[in-house]
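Peer 1: Straight out of TrEMBL:
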BINDING   GLY201, GLU202, SER203, GLY204, ALA205, GLY206, LYS207, THR208  ATP binding site
COMPBIAS  27-46  compositional bias 'Basic and acidic residues'
COMPBIAS  47-67  compositional bias 'Low complexity'
DOMAIN    104-338  domain 'Myosin motor'
REGION    1-78  region 'Disordered'
Amino acid sequence: MLRTLDKRQKGGGASSTIEAAQVKAKSQVEVKPVEKVQPIRKEPPVEKVAPVPRQEPQRQVPRQQPATSNKRAPIEDQLPPDYGRIVWITDPVDGFSAARIIDISKSGFTLTPLDTEDTVARRYEEVFSSEDDPRKSSYVANILISINPYQTIDGFYSTSKIKEYRGKSLGQKEPHIYAIADKSYREMKRNRKSQSIIVSGESGAGKTESQKAVLRYLCENWGAEAGPIQQRLLETNPILEAFGNAKTLRNNNSSRFGKFVQIHFANNGTVSGGFVSHYLLETSRICRQSSGERNYHIFYQLIAGSSPELFKYLSLGQPHCFNMYFLILNTFSVDNFL
Ligand SMILES: Nc1ncnc2c1ncn2[C@@H]1O[C@H](COP(=O)(O)OP(=O)(O)OP(=O)(O)O)[C@@H](O)[C@H]1O
């Protein structure tokens, strides 16, 4: 970098001297004609100066062109991104009501409640994201705060979304877990140091899904040459979840163990491997579960899907058999896991 700067300084000095030389050359040209002007005055060709004004309008023409091209941009593109968004606002009678943002200022929002044609003003802290608003994330410095939407949002984790966030700084696009993954990758490449992403939250907050999204982002962007390694990394999740996840009152697919996932990169920045370590598995769940909860998914999956040979080999029985009592203490079937 220093060398580059040095070169730039030298270059700058050289260009400034060239400019100085041009100025001197002009002044010399002007001085000399002053003495010889008298004989030249008689010559009508002095009118040849005319080309000079011709150049000025030529310069003005291209200035007008970008102005016309700006007009072509749709007006919607120039509006703030929150314009038209439906949100919840505080309401003195109902507590909260849905409204549409029609203006944004330093002091807050101007909105139109959906059930009236009135216009109301609200401060920023009195406006909340609505259920229909797919944007469930925000930043605090370089920390992503996200809310579990409990629904599939079209395109939110799509391949095109992955491409959108590649190489983008935090804040350049709307908050997303992909932006965090991209930042950590860029920091790793720039500083040549390992990076950590800590995913934290209460049970059911969406930690497992977020971690899977990070893995997918890194593998899809920089795992092309890794081939089977990339696939194997992504396929570890169903196996780990079968043995370590269970239905709880708060989450049908709750991880009952801590997970430390490492993704290794080669010097050229491509995914070269990975390692998943686990700790603190809730072993007591095998023998006993709270009311409304289940044992680990793998037991139910084996009973539901194993071949007759495997079924016999593992001495499995139907859930109501005596040796399977630890499975039927509570709910037996959970959507998507049997
Ligand atoms: N980004 C998301 N989009 C859609 N649904 C989600 C998302 N994140 C989580 N969910 C839903 O919420 C459920 C719980 O999420 P997840 O298992 O990731 O929570 P968790 O924080 O890991 O919980 P636990 O600590 O109990 O393991 C998921 O099974 C899924 O149905």
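Please read every residue number as a count from 1 along the shown chain.
From the backbone N, Cα and C atoms, a Cβ is placed for every residue, glycine too.
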Peer 1: Using a 10 Å cut-off on CB atoms, tell me which of the binding-site residues GLY201, GLY204, GLY206 is the least crowded.
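Peer 2: Output over binding-site residues GLY201, GLY204, GLY206: least Cβ neighbours within 10 Å is GLY201.
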Peer 1: Write out, in the order they occur in the sequence, the residues of the chain not among GLY201, GLU202, SER203, GLY204, ALA205, GLY206, LYS207, THR208 that have a C-beta within 8 Å of the mean position of the C-beta atoms of the recorded ATP site.
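Peer 2: So the extra residues in range turn out to be ASN148, ASN251.
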Peer 1: List nothing but the one residue from SER203, THR208 whose Cβ has the fewest other Cβ atoms within 10 Å; the candidates are the binding-site residues.
Peer 2: SER203
Peer 1: Which has the fewest other CB atoms in a 10 Å radius around its CB: GLU202, ALA205, LYS207, the listed binding-site residues?
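Peer 2: It is GLU202 that, of the binding-site residues GLU202, ALA205, LYS207, has the fewest other Cβ atoms within 10 Å.
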Peer 1: List the binding-site residues GLU202, GLY206, LYS207 whose Cβ sits under 6 Å from any atom of ligand 1, in sequence order.
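Peer 2: The qualifying binding-site residues are GLY206, LYS207.
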Peer 1: Mean pLDDT across the domain 'Myosin motor' (104-338), rounded to an integer, is what?
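Peer 2: Here the predicted model's pLDDT, averaged over the domain 'Myosin motor' (104-338), is 84.
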